[in-house]
Amino acid sequence: MKVSAALLCLLLIAATFIPQGLAQPDAINAPVTCCYNFTNRKISVQRLASYRRITSSKCPKEAVIFKTIVAKEICADPKQKWVQDSMDHLDKQTQTPKT
């Protein structure tokens, strides 16, 4: 009985401090997507819809994640020429014409 009362008291004290630990900006707790392996094959630009760069210090490698037109995400090495060319192509597609 004494153990149960002590445990209950400890849980109540801990519960008092938990909300303070959870009150953090969402960006701190946001999941980080990392690439651990890169594709060995060149992807046709006709299959690509978009890309994003991964430069987080929490990831072991800098990477580019291409999203295909069928919503598949593929990790690629940003140092490879075909990756840079594909990013340039996608950038040109998304630019709005100047009037």
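For all residues, glycine too, the Cβ spot is worked out from N, Cα and C.
The signal peptide annotation in Swiss-Prot covers 1-23, and the record cites experimental evidence as its basis.
The feature pyrrolidone carboxylic acid is assigned by Swiss-Prot to Gln24.
Among the features that Swiss-Prot reports, site 'Involved in dimerization' is placed at Pro31 (among others).
Summarising the annotation, Swiss-Prot assigns disulfide bond to Cys34-Cys59 (among others). Secondary structure from DSSP puts Cys59 (disulfide bond) in coil. Every protein chain considered, the tally of other Cβ atoms within 10 Å of the Cβ of Cys59 (disulfide bond) stands at 14.
What Swiss-Prot lists as disulfide bond is Cys35-Cys75 (among others). Its own atom aside, the Cβ of Cys75 (disulfide bond) has 17 Cβ atoms within 10 angstroms in the protein chains shown.
The annotation site 'Involved in dimerization, receptor binding and signaling' is assigned in Swiss-Prot to Tyr36. For Tyr36 (site 'Involved in dimerization, receptor binding and signaling'), the same-chain residues 6+ apart in sequence whose C-beta sits under 8 angstroms from its C-beta are Pro60, Lys61, Cys75.
Residue environment of Asn37 (N-linked glycosylation site) contains 9 other Cβ atoms, counted within 10 Å of its Cβ in all protein chains. For Asn37, the entry in Swiss-Prot reads N-linked glycosylation site.
For Arg41 (among others), the entry in Swiss-Prot reads site 'Involved in GAG binding'. If you take the C-beta of Arg41 (site 'Involved in GAG binding') and look for same-chain residues 6 or more apart in sequence within under 8 angstroms, you find none.
Annotation source Swiss-Prot lists site 'Involved in GAG binding' at Lys42 (among others). Within 10 Å of the C-beta of Lys42 (site 'Involved in GAG binding') there are 13 other C-beta atoms, taking all protein chains into account.
The annotation site 'Involved in GAG binding and receptor binding' is assigned in Swiss-Prot to Arg47 (among others). Following the DSSP three-state reduction, the secondary structure of Arg47 (site 'Involved in GAG binding and receptor binding') is helix. With a cut-off of 8 Å between CB atoms and residues at least 6 apart in sequence, the same chain places Thr68, Ile69 near Arg47 (site 'Involved in GAG binding and receptor binding'), listed in sequence order.
Note on Lys58 (site 'Involved in dimerization'): other Cβ atoms within 10 Å of its Cβ, all shown chains, come to 8. Among the features that Swiss-Prot reports, site 'Involved in dimerization' is placed at Lys58 (among others).
Summarising the annotation, Swiss-Prot assigns site 'Involved in dimerization' to Lys61 (among others). With a 10 A radius on its CB, Lys61 (site 'Involved in dimerization') counts 14 other CB atoms from all the protein chains.
Annotation for Lys72 (site 'Involved in GAG binding and receptor binding'): no same-chain Cβ neighbours under 8 Å separated by at least 6 residues are found. What Swiss-Prot lists as site 'Involved in GAG binding and receptor binding' is Lys72 (among others).
Contacts of Lys81 (site 'Involved in GAG binding') defined by a Cβ separation under 8 A and a same-chain sequence distance of 6+ are given as none. The site 'Involved in GAG binding' annotation in Swiss-Prot covers Lys81 (among others).
Counting only same-chain residues six or more apart in sequence, the Cβ atoms lying under 8 angstroms from the Cβ of His89 (site 'Involved in GAG binding') belong to Val45, Leu48. Under DSSP, His89 (site 'Involved in GAG binding') is assigned to a helix (H, G or I) in the three-state scheme. The site 'Involved in GAG binding' annotation in Swiss-Prot covers His89 (among others).
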Within a 10 Å radius of its Cβ, which of these disulfide-bonded residues (Cys34, Cys35) has the fewest neighbouring Cβ atoms?
Cys34
